[in-house]
Amino acid sequence: MVYLVTRLLGCFNRMQILLLYWLMMMHKIEICKTHRFPLSSPKCQPITVEQCKDLPYNETRFPNLVGDESENDAANGFSTFDPLIKIRCSSRLKFFLCSIYFPMCTDKVPIAIGPCRPLCERVQMKCEPLLKEFGFPWPISMNCSKFPLENNHDAMCMKGPASEEDGPPIAEELESDITKNVITSNRCMQQPSTIYMNRTGHCVPLCHSNNGYTKDDREAASTALFIMSLLCTALTSVCLLTFCTRKHCLVGLPELSLLFCSVSFSVSAIVYLFSLLYRDQISCIEYNSKLIFVVTGVQHIPCTIVAILLYYFGTTGRLWWFVLCCTWNKYTQRHQQNSDSLLFRTHMLAWGIPLGIVILALMAQSVRADPLSGICLVGGGNRIIEAVFVSLRELILLLCSLVPLFFGCLALIGSAPVTDHSVASTGLLGSLYPMAAAFLLLSSLQYLLTPTATGWNTVTAIKLLADPLLGILASAGCLIQILFNIFKANRLQLLDKHGYQPAAPQIPQPAIPSHTATASNAYSLSRYPEQRPLC
């Protein structure tokens, strides 16, 4: 009987101790949402609490991982767990609690080093059943998801004893881990507003820093890009609305190529506008509680998607302009083909070829945020990558566009005057891209030869605004072509209403035997295209 009473009193005392421990834990401040802390944390100070003096480290910093601002507060909070430590639900519990209330501090890293997530999970697995036995859940301040999964270059943590029988890790092991994965922020002391990233081995600029540009330069670049993109989108929208109501105004492949070209650049302009509105979410990523620019070697899906969309539709727009030059050359030589099959093959090439180039850009890890505009681009300030994927693209398409334009002009020089003004106007529009590409190549060349030049100037403006500018030229040319065809159709209708009939052209026919007269008529008709339907 005495034995039973003794056992009941022991259980009652244990429940009192656990209840007291639980009430004190409920008043503790929840651990911050991540394990990272600002670089401006206080300096290290010695650990004087007796329970944690046998740790493999002897210095800590405050605030700790539960928000205690002083060693006295941390000691009082730690003492509430003494009953749980005496029960020995886990031999790792003491080391785990010390790493939370007195996290490791070293001058090699600017943050407090707490426990790793596996250590927390092992302690929780052993001690949580005891808490549940008395009706208490696992403390919210010890949520294991808040601790780093492992000790690596992104986050520092302490693994703790490898097994229940092992003691705490020796100091040499912790020192080795810290030396191996140290965040050497002092490497970037000569570059203000940057943070060193082990993954890239470079000093990465902070998201809201000037990145070598003045605030006025960045604002001017963003404003110019916003206005040009908005103007490109508006002109293309007007062009599409007009085309939808007057589809017969653009029936030739050269004119349709100009329409698809303006649509491609318009999609690129919309992506620019979206990137400017959500720049921080797209071009920046969190690293050690800091927002940094996305650079080469750092994976950020929104930034990659934006850069790939801009590069893809920029390339398709240029290819459609090249198609415009090629088809105009065919029209000047009076070559007629099946327009439907030719249009299908052209679509396959114009939309398919850029996919292969985009895959190469992804394999080269060429996506990064542009330091001037803050927009994610292929290249994005890396001169070598820009030379390969941007300047080389412009050079190839420039040369390819000049060839059909040159032979088309030669065909017009030695032939009869062109009566269809749309052919001449289309050729004039086709020559706009080579001129724009030449300016862009000159700007890229100067950009490569003067790596120290920074600021918002003509070179950086041409490089940044190339796609919206080409979109404005394409959509304006397409809109002018549609309006000209509408005017010409209305003029013909007005002349027909007054009974005007133009004289039939006198075309000399060669002397051909009578049995081939039908073939002769077919030949004469095939040499000149059919009359365009009225708009």
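Along the chain as shown, residues are numbered 1 onward.
Here the Cβ of each residue, glycine as well, is placed from N, Cα and C on the backbone.
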Disulphide partner cysteine [TrEMBL] for Cys105, chosen from Cys32, Cys44, Cys188: Cys44
According to TrEMBL, the disulfide-paired cysteine of Cys157 among Cys116, Cys120, Cys203, Cys207: Cys116
Per TrEMBL, the disulfide partner of Cys127, chosen from Cys52, Cys89, Cys188: Cys89
Disulfide-bonded cysteine for Cys120 as listed in TrEMBL, from Cys98, Cys144: Cys144
The transmembrane segment (469-487) versus listed stretches 224-244, 291-313, 395-416, 428-449: most Cβ pairs under 8 Å: 224-244
Stretch among 256-279, 291-313, 342-364, 395-416, 428-449 sharing the most Cβ pairs under 8 Å with the transmembrane segment (224-244): 256-279
Top Cβ-contact partner of the transmembrane segment (291-313) among 256-279, 342-364, 395-416, 428-449 (pairs under 8 Å): 256-279
Mean per-residue pLDDT computed across the domain 'G-protein coupled receptors family 2 profile 2' (218-413): 86
Helix-strand-coil residue split for the domain 'FZ' (39-160), DSSP-based: 50 helix, 10 strand, 62 coil
